[in-house]
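Colleague: For 417, 418, 419, 420, 421, 422, 423, 424, the entry in Swiss-Prot reads ATP binding site. Per Swiss-Prot, coiled coil is recorded for 3-34. The feature compositional bias 'Basic and acidic residues' is assigned by Swiss-Prot to 7-29. According to Swiss-Prot, the compositional bias 'Polar residues' annotation covers 69-80, 133-149, 164-173, 868-878. The domain 'HARP 1' annotation in Swiss-Prot covers 199-269. If you look up Swiss-Prot, you'll see 286-357 marked as domain 'HARP 2'. Residues or ranges marked as domain 'Helicase ATP-binding' in Swiss-Prot: 404-559. Positions annotated as domain 'Helicase C-terminal' by Swiss-Prot, on the basis of sequence analysis: 674-827. Per Swiss-Prot, the feature motif 'Nuclear localization signal' maps to 603-620; the stated evidence is similarity to another entry.
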């Protein structure tokens, strides 16, 4: 097996091949003279040809593909020989053909010696020769010093043969094979020895003027690139892969090109001929086929993404609204010129320009006819005279615009306002506008079903509680009320009841429907297809993952993109892989956003409407009672009964302590669920206030299990460490939660980098709550602050919440407080009208009527909690999964957490 050749050997072999071809050209040039001289001149030449013919006709010689060689002109305008080394090494020279001293491919594998460095003057001399020694052919080195050889050498003829020829007629198109001719094959085998680029090809190019500069259109040439880099005004465009220069460097470039023997440039005036070392041949017309597409970049303009073409540039310059962006190097036009541009581009044979998608042209049909400079379409103000006056008068200006937008879209839209902008109240108002088409179906995450119930009762006084049906188990009736509220999970279990169509449907956290393969999506999509009004709510539309938006888009407007593949190609950067199509990417996001906002989507950020928002937005969140375990409910009932008995004042306080602690135990699963849902919804930084240690412990345990960064400040935190923990929170990035004690961290600390505060528990002193709220509502806060109070029915919250409101009202009348919970908080009147409620409320009020008793009660509460850690509260320290599994009468053995984003959507910020 032959050893691989070194780079030097390959180079010398290539030189030898060129020289052998030169000798053959010399021999062929002598043949016509021999034929003209007749038999008188046929002496040695005739004998040589006879020897060659005898050799070619001899059948006993071994024949391999090494015996095939091509007669070709030595023009540098064509690629050098690209045959494999084995073939080139075994090609016979003219001397070898006449003497018969040439070898087949197998023999030549050992007949090619390693070349020694040649002197500089020997570049045009044969490298390999053969001499006979003792009857055997041997490879010898011939430096050209002697004139020995079968043919006399003519230096002038060799130089002429070595010069590149520009005539195509001198090129032979035949292969000579042993025994005769065979037609030339189409392809040429690759040159496996040519590992480095060689500038042996002749390049032709042209200079093209573009404004005050000119660019050079030509192929790659190493020497030419060096010339380009020597010019000070050079600039390389990586997109078009061309060089351009200032006109001041034009003459210098042309002079430098004249010194290059393998490059020809057509001057700018196109009349001076080619500039270069060779005479230029007429170049064939360019057959470059360019393709491009149109993309929407604003409500009034579109952009063209296409490769360079002089014809296309000429077409662009015919458009009156043309505009060229120097940064992106793209042209844009008004929408009203879209159809004209597409029509004229079809007249260009080598250009294919794809128009805007049909969905886009339909959505912007008015702009295509006559482009309006307005950045937003005019939305007529809706007539809301048929909606409850309390609701209409409470709407902020931007919320009123949202309702009008929905009605202008005939009640089918995706409301994607930022968190905290009141999507719930807007959705209720939109649904109330179509009240004649009720019953209404509201599909929401399970933990906020009762929050929606309270919102309907608050904003629609004309709606009686009996007309609201909250489905809590899989056995409930989905059509029992005028307003039917159900969770996503229960909707899947009630598919049999969905035969009765709902004309008006609200889907809260509609991004739950991102995957068509999920059970909740399969259950919801048929409802949305037959519904007349579809109101989707989502605080964080997945604009970066367009594939997750597709289900929501077709739910609102089924005719938008009937086929997902077309949507995926345009907006998901679809790629075909060996196992199928990949739609996980994104493309043309700007166009998609403009399209959705024009047709179905309304999205406002807090920064857009900050001037209309109050400094604080309070929201009372009614947690899911299904999360409270039966054991906790029994303990609460027992504690409530104890409070109604005749007791001394000290015994009453002890009963209150028991009730207060049982409430903390019962709310643990609800609080943990809410915190995790906030994190999954995209909330990154917020505060969680609680009084009982068991709640802080439970939340901290879940955060650690989820690997969520958090800090904790309670009564056991040293004073020196509190400020350090605060700074850690302020400077942190990403998801961070601050777990804070209501009494230990309600003053002296600043958490202005957060704009959300969650109170896991209520406190009987509203002044302490307001101080805790102000940890984020401080100097340096640039956003509207959201305050969420988590309350649970059937617990101490039933009595603490009205007590807090009463105290705030008294302080406000005395001018000691500017806060009004009743007017600034959603869903305040949630409390059950229980006969024993008045007695318990009075007991709370009597116990806390004097603020001086607060500290005594706090100390007693803390002592009670510490003393009960080995008893009752031992039940709390059990695995949280046991507390969270009991839900809706059907306890599956898995986590029942719902993951959704925009808890602020349930509030009406007033």
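The backbone N, Cα and C atoms fix where each Cβ goes, glycine too.
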Colleague: So which one is it: of the binding-site residues 417, 418, which has the fewest other Cβ atoms within 10 Å?
Modeller: 418
Colleague: Under DSSP, is residue 424 (ATP binding site) helix, strand or coil?
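Modeller: Looking at the DSSP assignment, residue 424 (ATP binding site) belongs to a helix.
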Colleague: For the binding-site residues 420, 422, which one has the sparsest Cβ surroundings, going by other Cβ atoms within 10 Å?
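Modeller: Ranked by other Cβ atoms within 10 Å, the binding-site residues 420, 422 bottom out at 420.
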Colleague: Are there three or more C-beta pairs under 8 angstroms joining the domain 'Helicase ATP-binding' (404-559) and the domain 'HARP 2' (286-357), sequence spacing 6 or more?
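Modeller: No, the stretches stay apart by this measure.
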Colleague: If I take every residue in the domain 'HARP 2' (286-357) and average their pLDDT values, what number comes out?
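Modeller: The answer is 90, the mean pLDDT of the model over that range.
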Colleague: Can you tell which of the binding-site residues (419, 421) has the fewest other C-beta atoms within 10 angstroms of its C-beta?
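Modeller: Checked 419, 421; of these binding-site residues, fewest Cβ neighbours within 10 Å: 419.
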Colleague: Give the number of CB atoms, excluding that of residue 423 (ATP binding site) itself, located within 10 Å of its CB.
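Modeller: I count 28 other Cβ atoms within 10 Å of it.
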Colleague: Should residue 417 (ATP binding site) be counted as helix, strand, or coil on the basis of DSSP?
Modeller: coil
Colleague: If you run through the motif 'Nuclear localization signal' (603-620) with DSSP, how many residues end up as helix, strand and coil?
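Modeller: Computed counts for the motif 'Nuclear localization signal' (603-620) are 6 helix, 5 strand, 7 coil.
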